[in-house]
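> Found this in Swiss-Prot, in case it helps:
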{"type": "BINDING", "residues": "Asp13, Ser14, Tyr45, Gly46, Asn77, Thr78, Thr186, His187", "note": "substrate binding site"}
{"type": "ACT_SITE", "residues": "Cys76", "note": "active site, proton donor/acceptor"}
{"type": "ACT_SITE", "residues": "Cys185", "note": "active site, proton donor/acceptor"}
Amino acid sequence: MRSVQNSPIGVFDSGVGGLTVLRELYRQLPQESMLYFADTARLPYGNRSGAEILQYVREILVWMSQQNVKMVIMACNTSSALALDIVRSEFNFPILGVILPGARAAVKQGQRIGVISTPATAKSNAYRQAIQEINPKAQVWQVGCAEFVPLIEANRIHDPYTKQVAWKYLAPLLAQNIDTLVYGCTHYRHLSPIFQEIIPPTVNLIDPANFVVAAAKKELELMGLRHNEPPLPTRFAVSGCPQTFSQISQQWLGYYPLTEQVSLPMTINPSLVREELEILE
């Protein structure tokens with residue numbers, strides 16, 4: 001048990017979006033060691049098919065299993081929407097997604113709920129289903145925002161065009177007089193300064209990163225897996241260019257992370273993917 005307690009928590013996303021979850025882990029679980037993986041060679045996930053996402057997630061989880069993680073947080077709403085329920089039973093460590101914690105937080109704040117997310121997450125209706133399962137009276141409006149992740153990954157957050165895009169995506173939600181807005185993609189917290197210029201202060205902003213980490217903390221405590229000594233330095237790995245990831249991420253981490261490039265194992269049975277494609281799509 002001692003060795004498992006010392007194992008890292010795995011966190012993955014398509015890119016820098018999951019750093020919002022990582023920073024929250026630093027805040028709520030400062031004594032835990034972390035392993036962060038960004039699938040930058042294949043981002044953005046939001047325009048991928050369900051079968052592609054499932055394949056990518058399985059490859060990442062197999063690799064993380066090889067790194068002896070004790071828990072994995074899918075710091076990616078698209079993965080959480082399209083793959084979490086399928087892969088949870090395939091691995092012997094807990095896997096947490098961001099959608100259910102975000103939905104629970106949203107229904108505590110209001111009943112007219114807007115969700116901004118990737119197109120794939122919006123198409124899945126994962127947030128609407130989760131929110132209305134908790135509160136059937138809640139009204140939910142979803143907008144798939146195809147341009148946000150590429151703009152963030154290109155470090156164009158302060159580009160005037162990004163604000164124009166934000167107006168385009170948020171206007172339909174504001175027209176519905178929403179009282180709550182959910183960041184349905186972990187990348188979007190990086191755009192908070194822009195959103196706060198557009199969204200009235202009466203609208204509650206929900207960042208699921210805060211709540212999935214709280215859930216992870218509770219689960220570690222229940223399983224007796226909390227680490228109570230100083231952690232190892234966070235390990236960063238990517239499937240794409242390490243230097244690009246490090247350069248972009250340092251503005252949110254406060255330091256230039258040493259990042260390694262890794263090759264993920266191919267683990268997919270093509271016939272199984274075809275079968276699950278019918279389920280996911």
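Note that Cβ sites are derived from N, Cα and C of the backbone, with glycine treated the same way.
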> Mind computing the max CA-CA distance among Asp13, Ser14, Tyr45, Gly46, Asn77, Thr78, Thr186, His187, which the record assigns to substrate binding, rounded to whole Å?
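Between the outermost Cα atoms of Asp13, Ser14, Tyr45, Gly46, Asn77, Thr78, Thr186, His187, the distance is 12 Å.
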> List the other residues in this chain whose Cβ sits within 8 Å of the Cβ centroid of the substrate site residues Asp13, Ser14, Tyr45, Gly46, Asn77, Thr78, Thr186, His187, in sequence order.
Gly15, Gly17, Gly18, Leu43, Pro44, Cys76, Ser79, Thr118, Thr121, Val149, Cys185
> For Ser14 (substrate binding site), what residues in its own chain, 6 or more apart in sequence, show a Cβ-Cβ distance under 8 Å?
Ala38, Asp39, Thr40, Arg42, Leu43, Pro44, Tyr45, Cys76, Thr78, Val149
> Can you tell me how far the Cα of Gly46 (substrate binding site) sits from the Cα of Cys185 (active site, proton donor/acceptor), in Å?
9
> Rounded to the nearest Å, what's the C-alpha distance separating Cys185 (active site, proton donor/acceptor) and Asp13 (substrate binding site)? Just drop the number here, would you?
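The Cα atom of Cys185 (active site, proton donor/acceptor) is 10 Å away from the Cα atom of Asp13 (substrate binding site).
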> Hey, what's the Cβ neighbour count for Cys185 (active site, proton donor/acceptor) at 10 Å?
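Around Cys185 (active site, proton donor/acceptor), other Cβ atoms within 10 Å: 33.
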> When you measure from the Cβ of Cys76 (active site, proton donor/acceptor), how many other Cβ atoms are you left with inside 10 Å?
35
